[in-house]
Amino acid sequence: MKVGIIGAMEQEVTLLRDQIENRQTIQRAGCEIYTGQIGGVDVALLKSGIGKVSAAMGTTLLLEHCKPDLVINTGSAGGLASTLKVGDIVVSEEVRYHDADVTAFGYEPGQMAGCPAAFVADDALIALAESCIKQLNLNAVRGLICSGDAFINGAEPLARIRATFPNVAAVEMEAAAVGHVCHLFGTPFVVVRAISDVADSESHMSFEEFLVVAAKQSTLMVNAMLQTLAKRG
């Protein structure tokens, strides 16, 4: 089994990259993919860059060149669920775009033309993540993660997203694009991110302060998932 792991930023991948044994690096179109093993599991770790286009391009390169059996999208997110605080975990049931709008043609808010309204995470991978959350005794929410090419920092965009997607648990800038590409390739995926900020008018300051915390927590989760997969063989 080979596991694809995707993070957008250097801070989101560095702790995992440092663990990779027999590491080799593939550089293509601004993306970096690190291949090797973590705890005996074959991995391909992508640093995609920030935003939907970078995430989509990087995920495509990862799936084409490395052919992982599954994908885990890791990193940080802004928490919208009321129970989430910095360092907590959010696990995707599904991912949607919050900045796509072709409703004039009968599509749902966030739905791209010709695509499903949401990209649904793999049930077995959700269960794997939840078992690791229980094992690590972490606080977590499972639900909808919304993505867009904007850092949500202010009352107006926050209110718009909550009004359009009332059950949204977290927001960030890549997960829906990752899910979109995995859907097209037929590759199972799950998003497992740690909260770096609670999306509000001060979230930019919280993000800068707590990104390191989120990176450590999301890495902890990915490691636990890899360890469980290694035990299963």
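Placement of Cβ uses the backbone N, Cα and C atoms for every residue, glycine included.
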Candidate sharing the substrate site with Gly78, Met173, Glu174 (per Swiss-Prot), from Ile38, Ile145, Ile152, Ile161: Ile152
Local Cβ density at Glu174 (substrate binding site) - other Cβ atoms counted within 10 Å: 33
Neighbourhood of Met173 (substrate binding site), C-beta criterion under 8 angstroms, separation at least six: Ala8, Ile50, Gly51, Lys52, Ala55, Ser147, Gly148, Asp149, Ala150, Phe151
Sorted by sequence, non-Gly78, Ile152, Met173, Glu174 residues with Cβ within 8 Å of centre, substrate: Ala77, Ser147, Gly148, Ala150, Phe151, Val171, Glu172
In three-state DSSP terms, the structure that Ile152 (substrate binding site) belongs to: coil
